[in-house]
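What TrEMBL annotates here:
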type	residues	note
DISULFID	Cys26-Cys38	disulfide bond
DISULFID	Cys37-Cys302	disulfide bond
DISULFID	Cys57-Cys138	disulfide bond
DOMAIN	61-335	domain 'Plant heme peroxidase family profile'
SITE	Arg66	site 'Transition state stabilizer'
ACT_SITE	His70	active site, proton acceptor
BINDING	Asp71, Gly84, Asp86, Ser88	Ca(2+) 1 binding site
BINDING	His193	heme b binding site
BINDING	Ser194, Asp211, Thr213, Asp218	Ca(2+) 2 binding site
DISULFID	Cys266-Cys331	disulfide bond
Amino acid sequence: MSFKSLVTFLALTTTASAALIRRVTCPDGNIVENGACCALFPVLTDIQANLFKGGVCGEDAHSALRIAFHDAIGFSLTKNVGGGADGSIVVFGSTELAFHANGGIDDIVAAQKPFIAAHNLSAGDFIQFASAVGVSNCIGAPRLDFFLGRPPPLGPAADLTVPEPFDSVTSILARFKDAGFEPVEAVALLASHSIAAADQIDPTIPGTPFDSTPGTFDTQFFIETLLKGTAFPGTGRNPGEVMSPLQGEMRLLSDFSLARDPRTACFWQAAVNHEDAVRAAFKFEMAKLSLLGQNKRNLIDCSDVIPIPKPFTGTAHLPAGASLSDVEVSCKLFPFPTLTADPGPATSVAPVPGAH
Ligand code: HEM
């Protein structure tokens, strides 16, 4: 078969299988592939209005994504450390919320508990659903997948399954590997820090973002972690923090180190200005994360309930006044992409409002 006929064959089979997909109209008029997913629309409406404050990519959406990671990563291919994406961080919160790495997660657990109680969803399902919905509020984000049907957790995850910002790159990559993620996959997951801020690292400056655009899923995070310099008002306050030359921004030592380490630096740099690739990789890795410890065959694909995020229309750029000489180019294999700087004088990055 020639390449051309292969393409034609694939186009025909795709059209044929699309025609075979059966659609179900829910009582509220929404259309889904599997009628079991209809039950999610009232949950979607409730959390968009009352958890995400009208569909905002703010503190609660960010925290919903963070807890989805912290719940799921309690999983190991080699040790019996926990059940992965099973909701144990909520159900066994008295154990897991005492772990140092889970500092601040108690807030989002408290915020999510009434919604879990009000809707007929397991904690594991609710956490991953809220994460996908919260991310959909962020401009430029991928439409994450969601699978329904996780059973209740059997027990708490073990301590030290969640990486800490002061952990070495070796230890971080080993933890990801033990959960089934290669270094390139860990870098893709860290695109999450493009829509993130810290409350606990320095409680005197809550809501300090990890990039200059915490309401947008873009690649500024991968650029700004590579900027030289550590100037920041105040001094180093936490062993997990590296200050940023951008006023009002915080960099985690883990992100700073992964951006420069020979094992991950080229993956990190490859993300810069490649919004489509990062979006696709993050979507793929988030689906994998959300299924850790679960058997996908027992779950129902309800991804068509997740709203479609608004597209990103900006361009990756250097901060105002910066040039390539301000970037600590750490990948030795490829040149750093050509970027222009923002016009005007340097501005400071505003905190994410609503930090607890
Ligand atoms: C090396 C791995 C990672 C480390 C060391 C790490 C560490 C941290 C720390 C220390 C914070 C700030 C917490 C605070 O002070 O409030 C944070 C925030 C956050 N992290 Fe990570 N993280 C890692 C990977 C991930 C992954 C894989 C995801 C999601 C897939 C994620 C999602 C988030 C989000 C969304 C926030 C912001 C939460 C908010 O603004 O309320 N992180 N992370």
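Each Cβ is built from the backbone N, Cα and C atoms, and glycine gets one as well.
Whatever TrEMBL says is automated annotation, not expert-curated.
Where TrEMBL records a feature, it is marked here on the structure.
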{"residue": "Cys26", "record": "disulfide bond", "Cβ within 10 Å": "16"}
{"residue": "His70", "record": "active site, proton acceptor", "Cβ within 10 Å": "23"}
{"residue": "Asp71", "record": "Ca(2+) 1 binding site", "Cβ within 10 Å": "35"}
{"residue": "Asp86", "record": "Ca(2+) 1 binding site", "Cβ within 10 Å": "30"}
{"residue": "Cys138", "record": "disulfide bond", "Cβ within 10 Å": "25"}
{"residue": "His193", "record": "heme b binding site", "Cβ within 10 Å": "23"}
{"residue": "Ser194", "record": "Ca(2+) 2 binding site", "Cβ within 10 Å": "26"}
{"residue": "Asp211", "record": "Ca(2+) 2 binding site", "Cβ within 10 Å": "26"}
{"residue": "Cys266", "record": "disulfide bond", "Cβ within 10 Å": "15"}
{"residue": "Cys331", "record": "disulfide bond", "Cβ within 10 Å": "19"}
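Within 10 Å of the C-beta of Cys302 (disulfide bond) there are 23 other C-beta atoms, taking all protein chains into account. Neighbour density at the Cβ, taken as the number of other Cβ atoms within 10 Å, is lowest among the binding-site residues Ser88, Thr213 for Thr213. For ligand 1, the recorded positions lying close by, meaning a CB under 6 A from one of its atoms, are Arg66; the full candidate list was Arg66, Gly84, Ser88, Thr213, Asp218.
There are 25 other CB atoms within 10 A of the CB of Cys57 (disulfide bond), with all protein chains counted. Excluding Ser194, Asp211, Thr213, Asp218, which define the Ca(2+) 2 site, the same chain contributes Ile195, Ser212, Pro214, Thr216, Phe217, Thr219, Gln220, Phe221 within 8 Å (Cβ to the Cβ centroid), listed in sequence order. Over the domain 'Plant heme peroxidase family profile' (61-335), the average per-residue pLDDT in this prediction is 95. Within 8 A of the CB centroid of the Ca(2+) 1 site residues Asp71, Gly84, Asp86, Ser88, the other residues of that chain are Ala72, Gly74, Phe75, Gly82, Gly83, Ala85, Gly87, Ile89, Gly124, Pro153, Ala157, Leu292, Gly293.
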